[in-house]
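Okay, structure first, notes after.
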Ligand code: ADP
Ligand code: ZN
Ligand code: ZN
């Protein structure tokens, strides 16, 4: 037998499968979707079997044999193998990259694959017994001679395939108490009349029969000591187990199952449309303002899918994978939910993935890569906040989860729901054209009014002599909330702004020696850091240019705001959430839950607080500067600003107390700001579409961004130049080619960066031409040390 293998060889100019002979003893195990080691040139490289066939067009005697199998069961199924091929064409990546991105990270590393005994020794075939005498497993590579026997035993369930993943992070265990669920049994337990504590606990047990609860929580709730708990456990009233602690321990305190809410009229209409399309590959755009009840629709449609015996994928941006969100899913679907988020260790992620592969769960909630969940019987895919740029992967393969979702929906004949309060222009345009079906929720589910949004003209503040970063109105409102014991969220739109270090005498700004960008000041460590290459140094005492001692720190980083805030309201308790305070695992959740529990009056943060915050006591939101994203040199600047303002405003007044929002701006008349004030999406869409049409950007044109880097400026300029000439002579005359030009940040980590942009409406030669560029790159430029990256449909062109 022959295997077609996609090999991991970056320098080869051709991206196609190679034929390898399958050694006789490996034949019984080898399947498409397994990884192998194969000889390539004089090395051994990793590859994926994509197909198994009888014959090869090459001389079978000269075919090299597979060196080693790396999996016992395939890591990718037929669907995903097909999808990888499509992804390769769609995103112009190497097939090996497409295959690798679908495999959980834990499996990408070198973990040992092994066969584990799952029966008594004398139940398995006699020749196998010596292998399992000393240990309960054998390693894959030690078992080559007995593959076929192992395969037979695997089919009987006597032997299991396993991957030995050592947990890199020590898993925290918590003590769980599982109360017996039969009240009869509880009542039959004998307790002496003078054992007051035990009687008290038993009363609690009777009220909470069947519940599982963390022991520390139980001690608090029942007001008893640990020994009391143990004595009842000994009497059989409850059991103890150690469970892995999830990031949010609240999740473990037996989430109560909640049933569906009664849908509002508008929700019902949307639900009905989706329900009637459950077995069709149809894409819905669910456009509903924040708090309009989109999540409730997701939950109820998923419920329908589960009733059909099928599975569902629910994608959310990483940042909104908050415990709050997770709890809502666990409340509805209990153990049928797997959650994939970046806080899990590789091992934990692998465990979740395995549950999916073995169909032990029916719903997966996760960020971008959860779109590759190996479900076999998909009934629904949902992308919440579909406009989020995190759905697009930054490096190769530069895929968009939305495209992958639609591909899988066609494969499985199931619908996709794209949900957003502020859909991407592309999606909304498609809905307008009828490519997607538009579903609209215009009101908030609980009928709360939208928060009252005030735009503050900061130029006016300056004119009246207020030089602080808080307008008079916002400052008054903050003080007012403090008095009323209500909570405030302050949002700093940090992108584009960073705190830099400047010499006041000669105006020198401290720059990164490797990159063309200024260094960011970090007060906690008294250092300046480069956010692109990681370079850091201590803040100098004197200016390196003029030796002046007048060094100043500039900008409006969150730390700076925190200081100003301390002057404004010294009595306020402030929590800060930004890249610096959320570096540690779980820090994000800790800050959020502390705020939720009322341990602070003000939460101050960057975009990461724009989402998922749903606390009833937040009645004030302040956006310190709405302009920072607006003036970025990018065609999506206005769209991003509109989205961000809408998201942030949605944080206030989500419950009974009404919300108020102050948006401070130096360009308050800009349509992205004025229209976000009342969440007027349609007018914003119309106006922004007119801008896109005038400047020739998506959705009117498709865009490809091509970037080149090299250590030497002349070389990279020449490469870019040659490419542009090549594109001009190979693409249609109607296609526009912009550039080449130096990138906005012209040098990163000592590599110069150039780029060019292709804009087209219809370009039949595009894929071919891109493949050619890659071929030229691999044969000519790679060895000169250049890099090439091709981004089809980029989320930004900076
Ligand atoms: P979105 O996802 O659009 O922001 P959610 O689904 O989170 O909206 O709903 C916002 C709030 O309204 C939540 O607190 C939710 O429990 C509540 N809610 C949603 N649908 C209903 C309904 N049909 N009846 C009562 N409350 C609802
Ligand atoms: Zn100076
Ligand atoms: Zn740098």
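Don't overthink the numbers, they just go from 1 along the chain as shown.
Backbone N, Cα and C define each Cβ position, glycine as well.
Worth saying up front: this structure is predicted, and the values here are computed from it rather than measured.
In TrEMBL this protein carries:
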DOMAIN    275-441  domain 'Helicase ATP-binding'
BINDING   503, 506, 543, 546  Zn(2+) 1 binding site
BINDING   512, 515, 530, 533  Zn(2+) 2 binding site
DOMAIN    538-692  domain 'Helicase C-terminal'
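Here the CA atom of residue 512 (Zn(2+) 2 binding site) lies 15 Å from the CA atom of residue 503 (Zn(2+) 1 binding site). Long-range Cβ contacts of residue 506 (Zn(2+) 1 binding site) within its own chain (separation 6+, distance under 8 Å): 543, 545, 546, 548. The least crowded of the binding-site residues 512, 530, judged by other CB atoms within 10 A of its own CB, is 530. Taking a Cβ distance under 6 Å to any atom of ligand 3 as the criterion, the binding-site residues 503, 506, 512, 530, 533, 546 reduce to 512, 530, 533. Least crowded of the binding-site residues (503, 515, 533, 543), judged by neighbouring Cβ atoms within 10 Å of its own Cβ: 533. In the three-state DSSP scheme, residue 533 (Zn(2+) 2 binding site) is classed as coil. Regional average pLDDT for the domain 'Helicase C-terminal' (538-692) in the model is 84. Among the binding-site residues 503, 512, 530, residues whose Cβ is positioned under 6 Å from ligand 2 are identified as 503. One way to see the shell of the Zn(2+) 1 site is to take the Cβ centroid of 503, 506, 543, 546; the remaining same-chain residues with a Cβ within 8 Å of it are 504, 505, 507, 508, 544, 545, 547, 548, 550.
The Cβ centroid of 512, 515, 530, 533 marks the Zn(2+) 2 site; residues of that chain outside this set whose Cβ lies within 8 Å of it are 513, 514, 517, 519, 531, 532, 534, 535, 748, 749, given in sequence order. In the three-state DSSP classification, residue 543 (Zn(2+) 1 binding site) falls within coil.
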